[in-house]
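Annotation comment: TrEMBL describes N57 as NADPH binding site. The annotation NADP(+) binding site is assigned in TrEMBL to A70, V71, K72, P73. The domain 'Pyrroline-5-carboxylate reductase catalytic N-terminal' annotation in TrEMBL covers 13-97. For 160-266, the entry in TrEMBL reads domain 'Pyrroline-5-carboxylate reductase dimerisation'.
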Amino acid sequence: MSDFTEINRRSLVLVGCGRMGGAMLTGWLAGGLEPGAVTVLDPKLAPEWQDRGLRVNADLPDSPAVLVLAVKPQMMGDALGAMPDLSDTLVISVAAGTTLATFEAAFPGAPIVRVMPNTPAAIGQGISAMIGNGATTPAHLDLTEALMRAVGRVVRLESEDQMDAVTGLSASGPAYVFHMIEAMAAAGEAQGLSPALALELARMTVAGAGALAVHADEDPAVLRQNVTSPNGTTAAGLAVLMDADHGLPPLMARTVAAATERGRELGRGAA
Ligand SMILES: NC(=O)C1=CN([C@@H]2O[C@H](COP(=O)(O)OP(=O)(O)OC[C@H]3O[C@@H](n4cnc5c(N)ncnc54)[C@H](OP(=O)(O)O)[C@@H]3O)[C@@H](O)[C@H]2O)C=CC1
Ligand SMILES: O=C(O)[C@@H]1CCC=N1
């Protein structure tokens, strides 16, 4: 259980309870956040969140401990425009792109932390990166880390400049992995397996390999070599996948670069 004493006493406001906000809220409630201490603002809140003891689309409490902004970057202007003065509240944003400077303009003098989580947070297996502005104290950063640890691991960044690359790697990354499952399953089907069997094999291969990569002492490169018998099947497959010109490395480099650049665009206010 996380120490949410301060938040339970002063409350938390969550603005936007969609895929990411909902995933985090699930972990926080499981981690000891009291439902009555949470105000959720979301005009189209999913039915699963009704009747859970949360304060839904209610007036904001006086001086909440934390305000979490989890709306799309394109909606952030509207959301910020509806916020009162919250000078004694820790503001946390999970929005891609939107910069600390944008939030500082909306909440002058407030402690603000940008966090970049990912959706495995929904099952407590997320990874979040965080960076605070100049008004954050160690206590603010510790409180943010406690919240995000309730839904997975946390790393602290040295500079906000790293945030777009983090977004392009670990926040968008689950989608790349899900697509890899889709691609592996389709490839298995092309070799004659049934769709259901191919999907089960692909899904569990990615899940098992991911778990092994986390729990094993060896680097992923060594784990890959452990699978690869000289002149065997894996070597034949990897000769295609690891091709320096047409394989996964240049494709993944372009993928993460495109996502990173999109984060920068969103930070400049692009629609
Ligand atoms: N999904 C992901 O994997 C990740 C997302 N993020 C970030 O999280 C944020 C949310 O993304 P995600 O959860 O995917 O988006 P969703 O669209 O699933 O959730 C956003 C929610 O906020 C609601 N909303 C819109 N405007 C307002 C408002 N003014 N006040 C209150 N609620 C509002 C939306 O309602 P409606 O649908 O009616 O517009 C929706 O329910 C984004 O900034 C994104 O960059 C970060 C890391 C990973
Ligand atoms: O696609 C997006 O813009 C959001 C941010 C990272 C993951 N989803």
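Each residue, glycine too, has its Cβ placed from N, Cα and C.
A map of TrEMBL features onto the structure.
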residue	record	Cβ contacts under 8 Å, 6 or more apart
N57	NADPH binding site	V40, L41, D42, P43, L45
A70	NADP(+) binding site	L14, V15, G16, C17, G18, M20, G21, M24, S93, V94, A95
V71	NADP(+) binding site	V15, G16, G18, D78, A79, A95
K72	NADP(+) binding site	G16, A95
P73	NADP(+) binding site	A95, A96, G97, T98, L266
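Compute the center of the Cβ atoms of A70, V71, K72, P73, which mark the site for NADP(+); besides them, the chain residues with Cβ within 8 Å of that center are G16, L69, Q74, M75, M76, A79, V94, A95, T98. According to its DSSP assignment, K72 (NADP(+) binding site) is coil.
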